Amino acid sequence: MKVAVLFLCGVALAAASPSWEHFKGKYGRQYVDAEEDSYRRVIFEQNQKYIEEFNKKYENGEVTFNLAMNKFGDMTLEEFNAVMKGNIPRRSAPVSVFYPKKETGPQATEVDWRTKGAVTPVKDQGQCGSCWAFSTTGSLEGQHFLKTGSLISLAEQQLVDCSRPYGPQGCNGGWMNDAFDYIKANNGIDTEAAYPYEARDGSCRFDSNSVAATCSGHTNIASGSETGLQQAVRDIGPISVTIDAAHSSFQFYSSGVYYEPSCSPSYLDHAVLAVGYGSEGGQDFWLVKNSWATSWGDAGYIKMSRNRNNNCGIATVASYPLV
């Protein structure tokens, strides 16, 4: 899809590079004509140069994470942000709040809910701003498992199609608390098997006979409190969080502990799931599940900086469902 035009002056387009052909083959890219192919190749090569220069900083010990080419390689940062993000202005409503508790004695230094069976495999939202739906199902899947012992993949597509009266706007964004409100009022959410994901807006096809889980409400973590978020992740389970992911460094993250100095604690545009925490190389991190398939990041996950002044706003808007 051609969504913009680059003005190229004095740029000689060389013969197609092997890396470009490899990228197209790996990700099944087919463009409408040679002009768009050339346009996308310029973007790809610019992104490739950015990755190479960033990784030199990693090799020199200047940064704590590295980057790699992925399926977003032919997209500008503006296109990436427009297509892959999915948060809209929040509605304010009364809700219970989880405040950090004063604790004494040693505390768990690491938590990983994947090892306890509370996390479904990494999913793929496709080119649809439905990250909020995946964060919603992820936290509810975890809470349902912890209550019943059964891990069931829940239907993001139902949230995309059916929850608009409660605030979410399908592929144009939404918020997890509004989705929790919908699930509560609807008396449940179907299994993913019964209501498969399509990565597009559709008509509501909810089937009450396929309900797998429900919730009775939700609780917010005290805004901005990484201590509160840590306690919630440790004691409650996987937690829905929202972050500032509007950076090329996030677009091409590969491994290591992600710290972005230009991140905002209040400009939040992407919903993900905090499934644990730990430390690596002296750097505290949050273990975060994304919804961009396993080809992105560290098999679909990212380690985000913890205890560094709420970097990227990971503790600004965090919540979990009550089951």
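Every residue, even glycine, has its Cβ placed from backbone N, Cα and C.
Features as listed in Swiss-Prot:
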- 1-16: signal peptide (SIGNAL)
- Cys128-Cys171: disulfide bond (DISULFID)
- Cys131: active site (ACT_SITE)
- Cys162-Cys204: disulfide bond (DISULFID)
- Cys263-Cys312: disulfide bond (DISULFID)
- His270: active site (ACT_SITE)
- Asn290: active site (ACT_SITE)
Of all the recorded positions given, Cys128, Cys131, Cys162, Cys204, Cys263, which residue's CB has the most CB neighbours within 10 A?
Cys131
Show me the subset of Cys128, Cys131, Cys204 whose Cα is within 10 Å of His270 (active site); these are the recorded positions I mean.
Cys131
Counting across all protein chains, other CB atoms within 10 angstroms of the CB of Cys171 (disulfide bond) number 21
Going by C-alpha distance, which of the recorded positions Cys128, Cys131, Cys171 is nearest to Cys312 (disulfide bond)?
Cys131
In the chain carrying Asn290 (active site), residues 6 or more apart in sequence that have Cβ under 8 angstroms from it
Val122, Val272, Trp296, Gly297, Gly300, Tyr301, Ile302
Taking every protein chain in this structure into account, which of the recorded positions His270, Cys312 has the most other Cβ atoms within 10 Å of its Cβ?
Cys312
Mapped DSSP class for Cys128 (disulfide bond), helix or strand or coil:
coil
For Cys162 (disulfide bond), which DSSP three-state class applies?
helix
Of the recorded positions Cys131, Cys162, Cys263, which sits closest to Cys171 (disulfide bond) by Cα distance?
Cys131
Simplified to three states, DSSP reports Cys204 (disulfide bond) as coil
State the Cα to Cα distance, in Å, between Cys204 (disulfide bond) and Cys263 (disulfide bond), rounded to an integer.
36
Could you tell me the C-alpha distance between Cys131 (active site) and Cys263 (disulfide bond) in angstrom, no decimals?
19
In whole Å, how far does the CA atom of Cys162 (disulfide bond) lie from that of Cys128 (disulfide bond)?
15
